[in-house]
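Notes follow the structure.
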């Protein structure tokens, strides 16, 4: 009886939080719509794309492997049922509507900095020469502060005009962010069911600079690659008519004494994720109301951990926290980093769940959403260290964290990302990282830290009131904090510009297995835009519809927060299309088929109202990942025998 009451309490609270989120987001979207729809004010020449498929493209699309999840009751897909192509759509007549710029004034929370005239995001074009190479100069350039650029009022007028009219613009491609993805199409290997490791002959043991691997060719006019723009015609049926089995978060199950996996599984949550002691009582991030995935995998015989890192911080800070979560010790964000961005150098102290984690004792990382970016940056620091921290220590002396020294390869066996915005998301570009949303979110996080209600992991920004500090002094110190317009935040790292900086900094490790899982929960309309599927988690509908209407057609299919093209792989890194039976590949992104009907929350079961995906379907999805990781261990043990 007590357990049932606990279950209902958690579900009601979850629904209430979701409803509140929708109302707040909707109000912000209506009031600050001019700010939320950031587009270039200058007219750009767009390259028309052929929407119709050629017969060759059609054949290629149908040969793409399909995701297969091991379910208790297998469902068969009728391959004979092809999607009926829509007739050519006549272009809607263009209507000119004059809209005055929004006259709304942004109200700043009481604890916010007095005036924010310069937003943290910038409308700055990254030179192609910079994108084409990751030289030492470009690395140093990204270390420096970049001055914000003011957006003109004409931007707002154009954005509001776009919202008020039904004008259909020709499909276009953003040359800054999409041309590399067009030129870097997936390779489709033959799937023969073998598990032998296939290492690219071009891959060498020593890591080579990324500028030797990037195609520097200029973008050229191409037909839209069907596999990258819209959901494929054939998908494994992921929906289920069964209602989800609601389960309360039980007591933690201990790891097995003799686990099946030699290398532990480490799950890393994304933005606004709460795990462990910082989670609300009864909250279960990995599995939601459907299953406790950690306990489920431990009962199945796997050594499994759920990392707990900051919910709002930047990938740098989250990567550092992930390191100390595993190794133990007091978090050191770095002397150079903390001085540059204006926050405290040291954070919380972790006990350490894998204190013996070192070269030769690797782990498997599985990251959802922003967690995938965090993992990639941590792996980079393990191998190469942080050049800025090394230079600072050489100049000023003092202590430097072992993480920033580098030289720690062979600590990661595999990296698996789920719905990760490797190339950023328009949801952060045009909504999340706008001044209004930043101020509301950080003010709430600051108040929660002050009251001790919710730990957003931002105490290094001084959100916690000091002993003996008056309330007046505390409010003044918070108002003068650099957090309000800083780029050292999760919201900035999730923008396309912030993600591009991470992509330029990191590179593939030839000794690691990489894999990505992607969902799409939108469908194309007669006007060529994408709207949310029926049943999408309702807090994602607003952003899902917004992303589905952006100018760049390649970015429209999405899972409610992340575009399909962003989740598949970093834009400038090697990739290959695979399915569950494909042979294993090191040093390249193994891209699984897009999972139709899966939104951003479905992958972690965090939609209490979802009836499309059952608990068994969710657990089977993670069992398929576990099977893949065990195949890797078997292949590695055979190779080393």
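Heads up, residue numbers simply count up from 1 along the chain you see.
Backbone N, Cα and C atoms are what each Cβ position is placed from, and that goes for glycine too.
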Ca(2+) site partner of 599, 602, 607, 610 (as recorded in Swiss-Prot), chosen from 498, 528, 535: 535
Those recorded positions listed as 559, 599, 602, 610, and which of them has the most Cβ atoms within 10 Å of its own Cβ: 559
Residue, out of the recorded positions 369, 535, whose Cβ gathers the largest set of other Cβ atoms within 10 Å: 369
Three-class DSSP secondary structure - residue 535 (Ca(2+) binding site): coil
Recorded positions clustered about residue 369 (active site, nucleophile) [Cα within 10 Å; pool: 535, 559, 599, 600, 602, 607]: 600
Mapped DSSP class for residue 602 (Ca(2+) binding site), helix or strand or coil: helix
Residue 607 (Ca(2+) binding site) CB neighbourhood, other CB atoms within 10 A: 26
Neighbour count (Cβ, 10 Å) for residue 600 (active site, charge relay system): 30
